[in-house]
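**Q** Per TrEMBL, the features are:
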type	residues	note
DOMAIN	A:61-250	domain 'ABC transmembrane type-1'
TRANSMEM	A:12-31	transmembrane segment
TRANSMEM	A:60-86	transmembrane segment
TRANSMEM	A:98-124	transmembrane segment
TRANSMEM	A:130-150	transmembrane segment
TRANSMEM	A:178-197	transmembrane segment
TRANSMEM	A:234-253	transmembrane segment
Amino acid sequence: MKAKFKLSNLYLVFVFIVIYLPIAYLIFYSFNTGATMDKFTGFSMKHYTTLLSDTRMISIVLNTVVIALLSSLLATLIGTLGALWINQLKRRSAKNAVLSVNNVLMVSPDVIIGASFLIFFSFLGFKLGFTSVLLSHIAFSIPIVVLMVLPKINEMPRTMIDAAYDLGASKWQALSRVILPTITPGIFAGYFMAFTYSLDDFAVTFFVTGNGFSTLSIEIYSRARQGVDLEVNALSTLMFLVSLLLVVGYYVLERYGHSRRVNRNKMMKGPNAQ
Amino acid sequence: MANPIIEFKNISKKYDDTPVLKKIDFEIESGKFYTLLGPSGSGKTTILRMIAGFEDPTSGEILFEGKRIDLTPANKRPINTIFQDYALFPHLNVSQNIAFGLELKKMSKTDIQAKVAESLRMVQLSGYENREIDALSGGQKQRIAIARAIANEPKVLLLDEPLSALDHKLRKEMQVELRALQQRLGITFIFVTHDQEEALALSDQIFVMNDGRILQSGTPVDIYDEPINHFVADFIGESNIVPGTMTADYLVHFDHKDFECVDAGMRPNEPVEIVIRPEDLDITSADKGKMQVTVDSQLFRGVDYQITGHDADDHEWTINSIHQTTVGAQVGLVFDPEDIHIMRFGEDEETFDARLDSYEE
Ligand SMILES: Nc1ncnc2c1ncn2[C@@H]1O[C@H](COP(=O)(O)OP(=O)(O)OP(=O)(O)O)[C@@H](O)[C@H]1O
Ligand SMILES: [Mg+2]
C-alpha cells in the first residue's frame, strides 16, 4: 500500500515536470542576453524593454483582453437566461433536445466551429475583424456558461421559488431577489470559464479574424513561425505570471468565503446555542 | 355555521391522467386549527398547494370568503405557507428573510423593523435578526420560517409537515408552541401530517384522507371514538377490529355471543366490523370475563403493558393494561357497551352522520 502510494507520487511529480519543463525553459531564456534559445549568454531584461516599447504587441494584448471581457460578459448574460429558459421547459424531451444541442457545441472541435463561422460570415458578406471575432467568441462561450449555471438552478429547491411567490413576489421579483442571488456562484464560474476560453482561443479566432485584427494567440503563432523571438518569451512569462496570480487570487477568495462560513457556524454553537 | 373562509367544491386533480384527488368537498371555518391526515401519497400536499395557488385543480372550484380564488395567482392570495424544508432564502439573513414579503408590499423601513422584531418575539427568537440562515439549527430554521409567514399577517397559514424534520423532543415542544401560536393569532391553520398522534393533539378538526379522498372529517374525539371504517380505525390509534353481525339495534354478535352496544340503524343480521380500543379492555379471570383470550405476548412500555392474545376464532386482540399477566394463560376480557364501536362496510360519511343523528340526541 505504502509503496504504491509512493509510486503514484513519483508519477505525479514526473507529469508535473513534463508539463512545466517547457514553460520553465521558456521563462529561463526570456532573461537571455542573446537573441536565441541555443545558449544562455547572460542575464538581461532587454527582451522585456523591447516588449514594453512594442506598441503593436501592447495593442494586441489590449484587443485580446477586450474581446475576452466583452464576449464572456455577453455570453454569461445570454447563457444564464438560456439556462433559466431550459430549466422552465415543461416537456422532458424538449429539455433534452436543447441540452444535446448545447453539449454538441461543447464537444465539437474548435476547427470545425471556426470553419463553420467563417463560412457563415462570408455567406452573409460580413467583414472579418473585431466584430466577427467577438461574435464567434460569444457563440462558443454560451454553452460553457449554460453548463456551469444549469446545475446551480437544478440544485435550487423548488420550494424556494414557491416561497418567493407565496410571500407576494411577482415573476420578475422572484427572479431578481431569489433565483439570481442563489445561482450567482454558478454565474461567476461560467463567466471565468468563458473568459479563459476566450483568452486562449486560437483555432476559432484564426478562422474568423481578418483586416489586420489580431489576438495574442494569433500574433504569437505568426511570430513564432518567423523564427525565434525572445520577446515572445518575455510576453509568455508575463502572461504566465498574470494567470498564476489570477488562480492564487481565486483560491484566496474562495478560502476566505469558506472560512467566513465556517466561522459563522462556530458562532452558532457559541453563546446562543441551546 | 359561520361563513367558511375556504371551500372546496367538487375538486378533482389529475397529473397526466392519473387521478390524485377525487371529488374533494370541504369547508374550512375561520380561526380554527385544521389537520389533513393521511398516509404518504394520499394527496395532502396537493390540497395544500392548491389552496396556496401553486397548483390548479383539474375541475371544481375553490372559494375564499365566498369568492372564487382558484384563478388568483399565489402571490395575490392572503395565504402563506410553511414548507417542509423551510425554504428560507440562504443568501439573506434572518431579518431580511422575514422582511422579504413586507418589502414587496412597500412597507416603510421602521414598520418593517417593528414587524420583524414582533414576529421574532412570537417565535421566541428575539435578538436573532442578524443571524445567517446556515448558522441556525433545524428547530430555529423552523421558527424563522413561521416568523416569516406570520409577519405577512395571512388569513390562513398552511403548514406542510413542518415538524417532520425535528427530533422527537423538539417536535413535541413545537407542537405545543404551534397550538399556542394559533390560538394567540386567531388565524386559520391548515396543517398536514401523517402522524395521527400529532393530528389528535393539535387539531380542532381533522380530515382523514386516503387515496385522493377525504374519508372522514370531525373533531379528534369524534374520529377516535367513531371511526367510519376499517381504514380510519386502523390509521388513528391502536385498535382491535373483528368481524361480527348486527343481531338487532343495540345488540351485536361476535365471539359466538351477543353483546350489548350503543349503535343502531343497521339492517338485522347485517355483517359489520367491531372496533374496541386496547385501552378500553380490562383483564380479569377467565370466568369473570365477557370473553376469553389466550395471552400470546406481553410488552412493557413504561406506562403500561401491551398484551396480545387470541380468541377461540383466532382473532387477535391487543390490550393495554397497567397490570401484568402471564404469557400462555387464559384470561377474561371486560368492557362496557360504550366501548364497542360498530362500522358498516362501505358506508360513506353522509349516511354515517345521518344514521348517527337518527338515534343520538
Ligand atoms: N408534480 C407531480 N406530477 C405527477 N404526480 C404527482 C405530482 N405531485 C404529486 N404527484 C402524485 O400525487 C399523489 C399525491 O401526492 P401528494 O404530494 O399530494 O401526497 P401527500 O399526501 O402529500 O404525501 P406525503 O405524505 O408523502 O407528502 C402522489 O401519488 C404523487 O406521486
Ligand atoms: Mg406531502
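Numbering starts at 1 and runs along the chain as displayed.
Each residue, glycine too, has its Cβ placed from N, Cα and C.
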**Q** Examine the transmembrane segment (A:12-31) against the transmembrane segment (A:178-197) and state whether at least 3 Cβ pairs sit under 8 A, considering only residue pairs 6 or more apart.
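**A** Since fewer than 3 Cβ pairs under 8 Å link them, the transmembrane segment (A:12-31) and the transmembrane segment (A:178-197) do not come into contact.
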**Q** Which range out of A:60-86, A:178-197, A:234-253 gives the transmembrane segment (A:130-150) the most CB pairs under 8 Å?
**A** A:60-86
**Q** What residues in the same chain, six or more past the boundaries of the transmembrane segment (A:98-124), come closer than 8 Å to it by Cβ-Cβ distance?
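**A** Distal contacts: 82, 86, 89, 132, 135-136, 139-140, 142-144, 146-147, 150, 201-208.
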**Q** Quick test of the contact rule: Cβ under 8 Å, at least six residues beyond the ends. What residues does that give for the transmembrane segment (A:178-197)?
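**A** The answer is 68-69, 71-73, 75-76, 79-80, 84, 140-141, 144-153, 156, 160-161, 163-164, 169, 250.
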**Q** For the transmembrane segment (A:234-253), could you work out the same-chain residues 6 or more beyond its ends whose Cβ comes under 8 Å from its Cβ atoms?
**A** 23, 26-27, 30, 47-48, 50-51, 57, 61, 192, 216, 220
